[in-house]
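According to TrEMBL:
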REGION    1-34  region 'Disordered'
COMPBIAS  1-21  compositional bias 'Basic and acidic residues'
REGION    54-93  region 'Disordered'
COMPBIAS  61-79  compositional bias 'Polar residues'
TRANSMEM  115-139  transmembrane segment
TRANSMEM  166-186  transmembrane segment
TRANSMEM  242-259  transmembrane segment
TRANSMEM  265-285  transmembrane segment
TRANSMEM  341-364  transmembrane segment
TRANSMEM  376-394  transmembrane segment
REGION    680-717  region 'Disordered'
TRANSMEM  760-784  transmembrane segment
TRANSMEM  804-827  transmembrane segment
TRANSMEM  909-929  transmembrane segment
TRANSMEM  981-1004  transmembrane segment
TRANSMEM  1024-1044  transmembrane segment
């Protein structure tokens, strides 16, 4: 690979470590805060019969969005987050504080419509926040009406008046809630969309050095998909909720001081401990969650690396090693999650204990004030409820404040990038524009080093003149600076000293977009976008017609294979062009450059991936295109540059020789002559090897049924099919190997339960603890109703009863404090073990799938990583915390119903008839939100793919000035999600508004019905409160369980997704022990009448009746056009696929009869694109021997592969150095290939498969590699 590949790129994990830790922390804080609020809300709702938590907009739904949006490493590139993080490393508070934007800056991109929406939403939030303190006043009036010394008739009249006030409050709250939620959700969606667009637009305008030093594709996509969710959460409905809660806080204390300032001051003593306990609990849970996410991120790296390099894993039978490594990484994630569960239980238990203590203090103090200061029972209860309303509102603000902190932290890097002025601005409109350019290029005393390696200069005073209309070829060893010339001409970088001139004008003086429009680039590694072939070619010209696209394709020798594609020019090339062969991708890239019609043509190894025939034809096309253009060629095949007008030899950044081919050859000691000799020696070695192997022996492509194979004389071959045979043969009848749609089937809960069978004792103990916790809440209703009754008793009874009931609050608070941590800890153990078991079971199944399964986009490394991360975690929604809540709330429901019906069955029936109205409405709007969120998430994934393609191919985007085209496509993909988000906001507002109306309406009807029953002497006022509070507690339990409906639905869907993998039988399973093995293997290979089509392309026939024999110990080279099936033969031999028809024999035995692991262990595969794992160099080499190679074997293999030298000295590394990732550019491709080759000798192989292994390697590297292989290959 050229210098761009060879330079040391920033370590991707290092780049995103801070960003990932911060996002994990923010998400964890949101989650921890939610659980804290849930506990507090239950007590408050019980005390005041306030609305159930599930019907609160910001808490029920919005707060969960960050977690959903960024769940696990699937929202980002899987595994990126853990690469650079040391074990146990967590973000520090000081660091977090230093990397946040001021809160008001979050709204910097709001327009006038957003400002109006925010003002309207703030007014709605203020009105909604005032409703709760006002409700405590009404509740006090109810107590006074029931408990005062009034006649029955007066009681009914007063209760009727208060009930009417509840109706007014219901209407006002409904309107305020609708305005609050709708306005804030819509403005949050609008501003987040604007930030996404600005961020991507700014990213695309940055200079290439920015991507080398400061960011990576995974980080950019992670920020756009994950961080913008956090930012949206911080500027959306959470702001409205925060304003509402602040108003409730102040309103509660204003009411409390107005009703009884002395008791209010006493009650305020409970606030500091509550705040401290809540903060400590939240911080501890946050830290535990961050550790857990960091630990699982390491597991994601294993998943991404394994699946991304599945052919290497399969070839080297590394499935068991991958599973063992994954299992090891899951252990730390399990421990962290269990500790998080324990911390949550302890924290919530402490908070609840303090709340019970607050009630106890209020009751005891209130009784004294009734006796000594003339307070009434209604006033005391009003103060208690108002103080707790205010203080709990402050506690309930915690998720909003955490969301603000998360959004501020997430916005820091994004806003920093948005405000960054690029050093080379792709959008700049300043600069010179000429009528046209001649194409004369000059490098004048250029000094240059890459930004990531400032201490390693590439050029020191480099000068080179290229006359217009001429062709110059740059040759030299890898790393000499050839491709750097290309980069400087394209102005991807600017030199530190010296000038690059075009037509005598400094490149910096031109308008960048204009000058790039005059330059066409075709790189060594063709970059295609996830679009159709026509759209990829059209990137070369903004308004290209179909005729122009076809003409360019024909010039590039691409039209022929395109026409044979199922949809022709409209065929999708797949992500990064995965549906095409390397040669086909290169020809499309060349067509794209041809369409641009540039004055300067830059060919950076442009034909390196083509076979000989295609290279010849494309070279002819390029020769035609190059006429009257200035052309700069970088090539390692010297045969392709002989016709260049000038050949420039570059060595270590210095121009050492320059001239035409014939002139340079006159100096036998010259640098160019030495390169020619090196090439000829290399070719001579290859010819010698070919002679020994009798190249292509027993190779016949005669399709005649009467074909005969002569095993005695295999030196001659009959090709009855012309070399220019079609690349694919259309099949008109049905395809035989089509994959049937694998729709996930619903998984019965019994199956999940069976997986949790080992934890049954743990679950039983946890359930007992949860039942105890759940029963306490209905008992709370008994306590509170008796306290209200006691406040209206004679003084001597009041003194005695108040002390008793106050102490009861302390007792039950202590019981709750003990039972909750136990249940939380035990259910965490059960849930986390289940997740770990499911993940391991699924991953083990995945790595043993046939290779063909991974060809489908839904089974990519990212998709499988997301399933293992998010789906497996969602399954915990049916066990773990969710099951704990179900058990707890079920006991609350049963106990509440029992208490209510024992107290008064008639009133219980009336209230029960009204409560479902709220539940029904809440369920309907929850279903609406759930559906729309899923659609929106899917659509934003499409937009993220556009960003991913653009950033990962930034050089191509920059070269073709395609930034605006990318932005137009991105905005188009975002239109649907934006509309969905706005619609969701309106529906949410309506749903929550109606819920509030029904809630307060039920209060009004319930108390009016209770008054009527009291009037008819069918009950007493303490029993009215007892029934109402008991059923309110039961309703809260049901409502909290109903919030699990969506989680349960997601969990079932996730379980179906997971078990669809687990239940699928691999068609070629390496884990099966069935099959024969042989003590000795000679290595005779025979393809007998093999026909084959790839399952993902069933309409294209690759092999039809292929016969081929390869004798043991001989070397056979497969040659042919790109896409003709050469690599397919290797894949079939390795049993990545099985043929549709025919047999492949090894030593006369069908390879399907061999034990698969044993079969693959007899082969060594070296591919065109080397795949290395995120591990040490030593481990990567030892991978060739099941990881069990000795140090001497490793060193020997490295020496044999010509890799030992650069491992020891050239890179100043050692065998213990880490390789960042399989896609890392920290080594040149030549060195990657060296390491891959060294894997193979560590295990003596009988068959060696070389798939275009020298294709992308430069001449000097080829020679070393070829000379390294005489012994192993010939054996």
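Including glycine, each Cβ sits where the backbone N, Cα and C put it.
Most Cβ pairs under 8 Å to the transmembrane segment (376-394), among the stretches 115-139, 166-186, 265-285, 341-364, 760-784, belong to 115-139. Here the transmembrane segment (242-259) has long-range neighbours at 122, 125-126, 128-130, 132-134, 136-137, 140, 180, 267, 379, 382-383, 386-391, 393-394, 396-397, 400-401, 404, meaning same-chain residues at least 6 beyond its ends whose C-beta is under 8 angstroms from one of its own. Ranked by Cβ pairs under 8 Å to the transmembrane segment (341-364), the stretches 166-186, 265-285, 804-827, 981-1004 are led by 804-827.
Within its own chain, the transmembrane segment (115-139) is flanked in space by residues 48-50, 107, 162, 165-166, 169, 172-173, 175-184, 186-187, 190, 239-241, 243-248, 251-252, 254-255, 259, 381-382, 385-386, 389-390, 393, 996, 1000, which lie at least six positions past its ends and keep a Cβ under 8 Å from the stretch. Cβ atoms under 8 Å from those of the transmembrane segment (760-784) belong to residues 42-43, 46-47, 359, 805, 808-809, 812, 815-816, 819-820, 822-823, 825-827, 829-830, 883-884, 887-892, 895-896, 898-899, 1025-1026, 1029-1030, 1032-1034, 1036-1037 of the same chain, restricted to positions at least 6 beyond its ends.
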